[in-house]
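What TrEMBL records for 14-23, 54-63 is compositional bias 'Basic and acidic residues'. For 24-35, 136-152, the entry in TrEMBL reads compositional bias 'Basic residues'. The compositional bias 'Polar residues' feature in TrEMBL is assigned to 153-170. The domain 'Exonuclease' annotation in TrEMBL covers 179-345. Among the features that TrEMBL reports, region 'Disordered' is placed at 1-94, 127-170.
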Amino acid sequence: MSTLLLNLDFGEPPPKKALEGNAKHRNFVKKRRLLERRGFLSKKNQPPSKAPKLHSEPPKKGETPMVDGTWKTPSFPKKKKTAACSNGSGQPLDKKAAVSWLTPAPSKKADSVAAKVDLLGEFQSALPKISSHPTRSQKKGSQKKSSKKNHPQKNAPQNSTQAHSENKCSRISQKLPQKMVAIDCEMVGTGPKGHVSSLARCSIVNYNGDVLYDEYILPPCHIVDYRTRWSGIRKQHMVNATPFKIARGQILKILTGKIVVGHAIHNDFKALQYFHPKSLTRDTSHIPPLNRKADCPENATMSLKHLTKKLLNRDIQVGKSGHSSVEDAQATMELYKLVEVEWEEHLAQNPPKD
């Protein structure tokens with residue numbers, strides 16, 4: 001039977017390796033755990049790192065055993081600075097595990113409070129920057145500024161309506177003179193016993209009283225009564241008078257599209273065989289404000305002579321030579337100007353029906 005040879009070493013076994021890491025690394029790990037417990041750091045935000053190994057590992061290539069049971073790594077020539085740092089046992093960390101913001105800055109031992117502040121500052125500097133949101137006071141200030149800027153825009157329609165109502169009268173007075181004329185006609189008697197009124201003279205003046213048209217007109221029928229006492233027409237006036245059809249065409253060109261002022265103007269239109277829109281007709285014999293100014297009943301039909309004397313302090317239609325259609329047209333326009341604004345506002349609110 002062969003002899004069994006056992007090579008037993010009864011010497012003391014090598015001591016177990018302590019936790020890897022030098023004093024600085026252990027101090028850093030303690031401080032980091034303290035910050036985690038107090039809520040300054042969140043475990044979720046920490047990148048994965050290799051945990052310290054509790055037990056020793058078999059030696060790697062190039063390592064030599066030491067007397068105290070540790071392994072010594074041979075020194076290599078220094079290369080350029082890298083982000084990797086030692087984990088306390090001399091073994092280099094992987095590039096993925098080596099993160100600059102996890103390595104403590106080399107500093108001397110200081111108070112625990114100062115060290116905590118330094119570590120917290122390092123972790124905060126590594127976190128992504130978040131743009132600050134405006135405070136409540138800043139929001140209120142910006143809202144006030146925006147409301148001030150938008151306020152005149154809201155009030156713009158109100159201001160425009162007020163300005164429109166205030167300048168309404170002035171706009172009317174500016175537009176009307178260009179499209180307003182006054183007319184007066186003189187008639188003679190034709191037909192049986194001269195009872196038919198026919199046009200024998202027509203005068204038209206503008207807003208300022210300037211004469212636009214003044215012609216004697218020859219009626220299509222035989223003149224029976226010249227009515228000289230009122231019309232001022234005589235036989236000699238008809239020698240070179242304009243025929244009625246020609247004169248009517250000339251007159252209607254002037255009146256069309258304009259506001260026509262007249263006294264008892266329906267008689268003038270009848271003699272012209274013409275109908276003018278009521279919305280463009282102003283009859284001074286039926287304007288209540290004009291009668292009120294003359295201290296006359298509002299619904300009464302006052303003569304042009306009476307109104308002119310009362311309101312303009314001027315005498316017209318005097319003497320035996322008869323009336324002047326130019327003079328009557330000018331007086332009619334002046335009377336209308338006295339109540340123009342008031343009457344136009346009334347017509348704007350109560351437009352007449354044609």
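Just so you know, glycine gets a Cβ as well, placed from its N, Cα and C.
TrEMBL does not curate its annotations; it predicts them automatically.
Model confidence over the domain 'Exonuclease' (179-345) is summarised by a mean pLDDT of 94. In terms of DSSP secondary structure, the compositional bias 'Basic residues' (24-35) contains 12 helix, 0 strand, 0 coil.
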